[in-house]
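Q: Pulled the feature table from TrEMBL, pasting it below:
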- A:31-369: domain 'FAD/NAD(P)-binding' (DOMAIN)
- A:Cys77-A:Cys82: disulfide bond (DISULFID)
- A:Lys86, A:Gly150, A:Asp353: FAD binding site (BINDING)
- A:Gly216, A:Ala217, A:Ser218, A:Tyr219, A:Ile220, A:Ala221, A:Leu222, A:Glu223, A:Gly308: NAD(+) binding site (BINDING)
- A:425-473: domain 'Pyridine nucleotide-disulphide oxidoreductase dimerisation' (DOMAIN)
- A:His464: active site, proton acceptor (ACT_SITE)
Amino acid sequence: TMFVNKHSRTFIFKRLPRNYRQFTSSSTEDYDLVVIGGGSGGLACAKAASQLQKKVAVLDFVTPSTQGTTWGLGGTCVNVGCIPKKLMHHASLLGDAIRDSKAYGWNVPDEVQSDWTTLSTAVQNHVKSLNWGHRVQLRDKNVEYINGLGSFKDPHTVRVKESNGTERLLKTRNAVIAVGVRPYVPSQIPGAVEYGATSDDLFWLKKTPGKTLLIGASYIALECGGFLNGLGFDTSIMVRSRPLKQFDQQMAELVAESMESKGTRFLRKCVPVSIEKDSRGRLVVKYEDLTNRQTKEEVFDTVMFATGRHAVTNNLNLEALGIEVDQTTQKVFGGHSDDHERTSVANIYAIGDILHNRPELTPVAIKAGQLLADRLFGGSQVQMDYNMIPTTVFTPLEYGVVGISEEKAVSCHGEENIEAICFGDRILGLHLIGPNAGEVIQGFAVALRCGATWSGLSGSVGIHPTTAEEVVKLHITKRSGADPTVTGC
Amino acid sequence: AVNINYNIQRHVATAEKKFECFNIQDAKDFQTRVIESPVPVIVDFHATWCGPCKLLGPRLEAIISNKEGQVSLAKVDVDENVEIAMEYLVESLPTVIGFKNGRKINKFIGLQEDDAIDSFVEKLIH
């Protein structure tokens, strides 16, 4: 069809949807924004848009895990990520504290045991209270919540299929894809899908994990292995090459060493071959030692795969709309028309873990979602800054980091230009392993964002006695080869 | 001589229930048994994951059972009946709302002491 603008005599071709209706005003669509995915990013974006007086709906639906686990509103972070993880990490550290307390004069029994049922029930109850809290918040902020699986019919129509089978079509000006990612289980390994648990299941396990094997070298494998070991479970982690490949390697090794010293067994350079169930219901894992090509076998109560997370976008109907995704990860490409989150379709955006090549972190998703709402409806031009995003690996001895790794710094700037970790006076990265590293690094991340330099940092006075003060007291360079162990104050 | 004091309590059980206490199944159930109830109804909004709710429940039952049927107790699990909870603006749990002649009369939030609960129930009845 051809439109002719009578006044300026320009021709505009437009492809019309099948159910074309003559619109008389620009905002006849039912919604200003439909968000597919009720996780960290989706909820933040929806609430921010609603605050700007827009009509918003958020769709959330949890496809059960390979083991049949499902959960409520709030996404990965609330249900099977950050929140239950941190609670269990804390539970495991409390065990250490109880044991340490004896030396400080507390009258505690020699042996203390943790009870998985008590812990997991308390964690699950807390998570459920958060599910409820999110429901209440959406109502308070006037965001419509639909428990259903969303997909695109066309760029301005989202189809939602509710759990009772009813289907609705939502017409909308804009849409945000915030569906996140799910654990990837290598289906080519016999027994993996059938018997292997993932982080989707661990926090909802009714029975105690028992003797556990974690397969993977990611922060998920190490964090879960760390707290399971701390809670008293016989814990092994099977690593194909090196732990925490995405992080600074010297720090990664320190983390792994600290875990080994606490009793976690690392099966390095090993890969799983098959998983079977024995007559007693336990899992028999056959695996190969890549160093000598020997196949070994061991029995575990629980096997958990932490072999990466992947996008599940095949049911969103993205291809039909021309929304481009990365062929390897299936994640959605952003960055179109100078907008970090805009997809290849002008009115559709992606935020959070589903967005290609961005940090998979809750605060990143939240901020990106809020800034997007401001740009869409609040007249803002501010883009998300994906640089210098701090994060922490919550292994028993925590590893907090902001900025780049030493490997990246050397490859970007040349080894002769890097000292300790700064480029001239500019700090490129700050890495800390220690108790409460997460709490410590947060403040320094702000400092770096505000332009803190090496002179500024080393010129600052420390708070004594703390862990954090070590950052401002740094004075031994790696290049010097001197022993960095602190003995006196 | 030895003085022995025996303190014997005899528990007497009556055959019939002294008050109506029920779990709401859905919106229709709420309409029939709460809104259209001839006697005032105390509605206890609770959840399985809510610790204080588990403590409040028995206290409510004990107090209401002593009112000789002048008031009933309806229990609403907010996860099973989200729409009802949303309609009555329930946020924190436990939330207890008193209904009379189909209208919301009074409400309290959180675990309360027995005497506070009792005066709340009395206020609803009279």
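Cβ atoms are placed via backbone N, Cα and C, with glycine included.
Mind mapping these onto the model and telling me what they sit next to?
A: Under DSSP, A:Cys82 (disulfide bond) is assigned to a helix (H, G or I) in the three-state scheme. The 10 Å shell around the Cβ of A:Cys82 (disulfide bond) contains 17 further Cβ atoms across the protein chains shown.
Summarising the environment of A:Asp353 (FAD binding site), the number of other Cβ atoms within 10 Å of its Cβ, over all protein chains shown, is 29.
Within 10 Å of the Cβ of A:Leu222 (NAD(+) binding site) there are 28 other Cβ atoms, across all protein chains.
Confidence for the domain 'Pyridine nucleotide-disulphide oxidoreductase dimerisation' (A:425-473), expressed as mean pLDDT, is 93.
Its Cβ placed at the centre, A:His464 (active site, proton acceptor) has 9 other Cβ atoms within 10 Å.
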Q: Cβ within 8 Å of the NAD(+) site's Cβ centroid: which residues qualify beyond A:Gly216, A:Ala217, A:Ser218, A:Tyr219, A:Ile220, A:Ala221, A:Leu222, A:Glu223, A:Gly308?
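A: Those within range, site residues removed, are A:Leu214, A:Cys224, A:Pro243, A:Leu244, A:Ala306.
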Q: Report, as a single number, how many Cβ atoms besides its own are within 10 Å of the Cβ of A:Gly216 (NAD(+) binding site).
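A: Around the Cβ of A:Gly216 (NAD(+) binding site), 24 other Cβ atoms lie within 10 Å.
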Q: I'd like to confirm something. Which of the recorded positions, A:Cys77, A:Cys82, A:Leu222, has a Cα closest to the Cα of A:Gly150 (FAD binding site)?
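A: Minimum Cα distance from A:Gly150 (FAD binding site) across A:Cys77, A:Cys82, A:Leu222 lands on A:Cys77.
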Q: Compute the C-alpha separation of A:Cys82 (disulfide bond) from A:Leu222 (NAD(+) binding site), stating it in Å without decimals.
A: 14
Q: Cβ distance under 8 Å to A:Ile220 (NAD(+) binding site), same chain, sequence separation 6 or more: which residues?
A: A:Ser199, A:Ala306, A:Arg309
Q: Given the binding-site residues A:Lys86, A:Ser218, A:Leu222, find the one whose Cα is closest in space to the Cα of A:His464 (active site, proton acceptor).
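A: Its closest listed neighbour, by Cα, is A:Lys86.
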Q: What are the non-local neighbours of A:Lys86 (FAD binding site), defined as same-chain residues 6+ apart in sequence with CB under 8 A from its CB?
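A: Long-range Cβ contacts: A:Phe394.
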Q: Give me the count of other Cβ atoms within 10 A of the Cβ belonging to A:Ser218 (NAD(+) binding site).
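A: Within a 10 Å radius of the Cβ of A:Ser218 (NAD(+) binding site) lie 21 other Cβ atoms.
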Q: Given the binding-site residues A:Gly150, A:Gly308, and counting only Cβ atoms in the protein chains shown, which has the most within 10 Å of its Cβ?
A: A:Gly150
